[in-house]
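Features as listed in Swiss-Prot:
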- 53: N6-acetyllysine (MOD_RES)
- 161: phosphoserine (MOD_RES)
- 285-299: region 'RNA gate' (REGION)
- 288-309: region 'Disordered' (REGION)
- 291-309: compositional bias 'Polar residues' (COMPBIAS)
- 523-548: region 'Disordered' (REGION)
- 528: phosphoserine (MOD_RES)
- 529-548: compositional bias 'Acidic residues' (COMPBIAS)
- 529: phosphoserine (MOD_RES)
């Protein structure tokens with residue numbers, strides 16, 4: 001029969017736990033430890049070490065006892081010996097050799113320090129992966145600007161061209177990578193509907209200007225008309241009988257080359273029945289050419305500084321207007337189109353009007369889009385055989401060659417003009433693309449570029465002409481990598497999106513800090529003044545009277 005053995009119970013009235021140590025455990029050495037402690041690590045003599053702070057205490061014990069089992073690399077002093085310290089003359093080869101030896105010694109010392117402080121050791125394959133990871137990280141930082149140079153200025157957030165209100169609703173959003181993939185080939189040959197205005201002939205003496213024979217830029221007081229689409233009387237007349245999309249060449253060029261833009265801009269779209277009108281806002285900076293917009297470090301001066309972005313744009317506008325008239329044979333014979341300038345009143349002096357001609361052209365984009373555009377010519381030129389060529393005249397201006405990785409035009413323009421135009425293509429890519437699109441839309445045979453610089457870098461009121469250059473628009477488009485098929489594809493995409501909208505007023509806005517354009521729906525009365533409303537009411541009353 002099984003017998004129950006009563007266990008021995010130890011009573012400890014003054015504490016808890018056993019009163020005495022059992023005989024089998026008496027005098028046995030013991031040190032607190034944790035089962036999670038690592039007893040040591042395998043020494044890898046072929047691997048490379050690198051510091052990883054996450055594993056600094058990987059092999060250390062929580063109780064302080066496991067460290068006696070860890071591996072520490074100690075220097076071997078068995079090979080220590082005295083050497084002769086007498087200084088001898090060293091050759092250049094020996095000096096370089098000692099330099100490399102000292103570098104290797106420092107590397108070995110760093111490796112020993114890493115081993116001592118429990119730093120991770122990588123095998124050769126992991127070493128290559130780590131190098132690849134660091135290389136890709138540096139490439140990413142360089143590409144996206146995460147890591148800035150010590151002397152690089154931080155980019156300030158740019159302001160929007162118009163304040164977005166809370167009651168505006170986003171209807172569509174298009175990012176630039178998506179637009180850059182657009183292509184459209186079904187574009188018909190343009191058809192001239194109406195030609196207006198008069199042009200002066202280009203003075204070929206300006207082609208012989210060099211940096212040694214610079215010519216002062218004169219201030220010429222002439223009137224330039226920048227009339228938007230819906231205020232154009234010719235477009236209003238044409239809209240009654242033909243076309244369903246109407247715009248100006250400047251507005252279309254902005255859309256067609258929008259993927260190069262950096263600053264914010266906006267275009268008003270009005271959907272009236274089945275027709276679309278692309279307009280610009282009144283009193284906006286839409287017609288001001290930007291300066292160094294696409295440079296790595298665009299101008300960021302603020303306030304009244306003459307190098308602020310807006311003041312530079314005003315200076316560029318002044319230069320463009322004056323150069324486009326000074327390089328013509330003013331006051332002499334003009335080339336007249338069949339119809340007069342639609343924006344000139346009868347009592348105005350013809351010599352006070354800038355040399356400009358308007359060509360209203362029509363394109364068929366597929367079967368459903370009938371596009372009518374007002375295009376411009378700035379002058380006319382005669383060839384060797386007396387043939388007439390229409391030209392667009394634009395100006396590149398140098399404001400400070402020390403900024404935006406520029407080159408000094410007075411030193412490089414005659415001998416290295418390619419370097420100058422390459423720098424301008426980098427710093428003003430969007431502006432040059434817009435000018436090229438305008439010349440292509442107008443059908444101009446040549447695009448004339450004038451090089452104008454400040455008389456002194458600190459004086460933004462006086463300028464000198466350093467030279468001129470002309471391009472054929474198609475060849476120049478290829479030179480600046482402007483795809484005409486992509487430009488028409490972007491325009492067709494924007495038109496299709498706007499055609500799907502309901503009747504009303506909308507705004508196409510380029511985000512000031514992102515590569516995105518958005519389409520906003522605008523409430524009634526937005527961007528409309530009281531005078532515009534009164535004019536619309538008067539026009540409606542006149543139409544009603546004519547009908548009765």
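Cβ from N, Cα, C; glycine included.
Not measured: the values here are computed from a predicted model.
Mean per-residue pLDDT, taken over the region 'RNA gate' (285-299), amounts to 89. Residue 528 (phosphoserine) and residue 161 (phosphoserine) are 17 Å apart (CA-CA, integer value). Note on the compositional bias 'Polar residues' (291-309): DSSP counts are 1 helix, 0 strand, 18 coil.
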